[in-house]
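Novice: When I checked Swiss-Prot for this same protein, it listed these features:
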- K168: active site (ACT_SITE)
- 3-31, T93, K243: NAD(+) binding site (BINDING)
Amino acid sequence: MTTIAFLGLGNMGAPMSANLVGAGHVVRGFDPAPTAASGAAAHGVAVFRSAPEAVAEADVVITMLPTGEVVRRCYTDVLAAARPATLFIDSSTISVTDAREVHALAESHGMLQLDAPVSGGVKGAAAATLAFMVGGDESTLRRARPVLEPMAGKIIHCGAAGAGQAAKVCNNMVLAVQQIAIAEAFVLAEKLGLSAQSLFDVITGATGNCWAVHTNCPVPGPVPTSPANNDFKPGFSTALMNKDLGLAMDAVAATGATAPLGSHAADIYAKFAADHADLDFSAVIHTLRARADA
């Protein structure tokens, strides 16, 4: 049993912390939003009035926060309250630069630190099937595994500090391109008189198969649990995809890489997010269908 401080108890943090409680760990939580805090408390998290209070008696600190700036402020706020050699795990999605900065900040205070962003969305968090992409020392990851495993379907060591975030932005750029391509295919199928079920059966049994269709199918019917069957209530929102693509484009610019498809996907999602940020990112099919009907 480990005492864990979990900072950020929102859509992802709430089910993740609940799974840690279910695995027998003691979880001390903090979130500035009262509804998030009370929801976590209902699942066995001991909620504190401030982040430093939550961290004070913890062996491990997990952060799941919205931006790199928020993560930096959080670390600055809590590091002095942490016990020596506390393990910090940041599962937020932030830039590689920010990840390396908070890693250095934690190390300067005598702490261990990993960047460990996740893939799998709210469903994966609830089902404890998240993929953790981890950057940091292998020895530190060995210490972290018993804490990550109750939340994980897969844990992948990607390299040194920042490598987890590098893997996350690359993965989500691929995902965005795939989701748009799948949406384009279903819109074209409609125009050709091909049923959605027939196209789904072909793609999932052929070379076009990917998560964007077999799990996140953008049309109602073929996958009953996909957001398309629930008014596109987000498993992974357009706002978050737009944020992640922004991080990817920043990385492309900083490294001098080229990403023509990723750049086009970023442009499509930036425009779609202006009015539909709260929908699942598979709802991008709406804008593609509108273009086809124009």
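Here the Cβ of each residue, glycine as well, is placed from N, Cα and C on the backbone.
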Novice: Can you give me the Cα-Cα distance between N19 (NAD(+) binding site) and K168 (active site) in Å, rounded to a whole number?
Specialist: 22
Novice: Can you count the other CB atoms that lie within 10 A of the CB of N19 (NAD(+) binding site)?
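Specialist: The Cβ of N19 (NAD(+) binding site) has 21 Cβ neighbours within 10 Å.
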Novice: Could you find out if DSSP has L7 (NAD(+) binding site) as helix, strand or coil?
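Specialist: Its secondary structure by DSSP: strand.
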Novice: State the count of C-beta atoms found within 10 angstroms of the C-beta of P15 (NAD(+) binding site), not counting that atom itself.
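Specialist: For P15 (NAD(+) binding site), the 10 Å Cβ neighbour count is 23.
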Novice: Which whole-number value in Å describes the distance between the Cα atoms of P15 (NAD(+) binding site) and the residue listed as 'active site'?
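Specialist: With the alpha carbons as reference points, the distance is 20 Å.
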Novice: How many neighbouring Cβ atoms, not counting its own, are there within 10 Å of the Cβ of K168 (active site)?
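Specialist: Summing over all protein chains shown, K168 (active site) has 29 other Cβ atoms within 10 Å.
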Novice: Looking at the binding-site residues listed here (L7, A23, V27), whose Cα lies nearest to that of the residue listed as 'active site'?
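Specialist: Closest by Cα distance to the residue listed as 'active site' among the binding-site residues L7, A23, V27: L7.
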Novice: Helix, strand or coil at A23 (NAD(+) binding site), per DSSP?
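Specialist: In the DSSP reduction, A23 (NAD(+) binding site) maps to coil.
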Novice: Run through the Cβ atoms and count how many others sit within 10 Å of the one on N11 (NAD(+) binding site).
Specialist: 19
Novice: Sorted by position, what residues of the same chain at least six away from T3 (NAD(+) binding site) have a C-beta under 8 A from it?
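Specialist: Non-local contacts for T3 (NAD(+) binding site): H25, V26, R28, E57, A58, D59, V60.
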Novice: Hey, what's the Cβ neighbour count for L7 (NAD(+) binding site) at 10 Å?
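Specialist: Taking all protein chains shown, L7 (NAD(+) binding site) has 30 Cβ neighbours within 10 Å.
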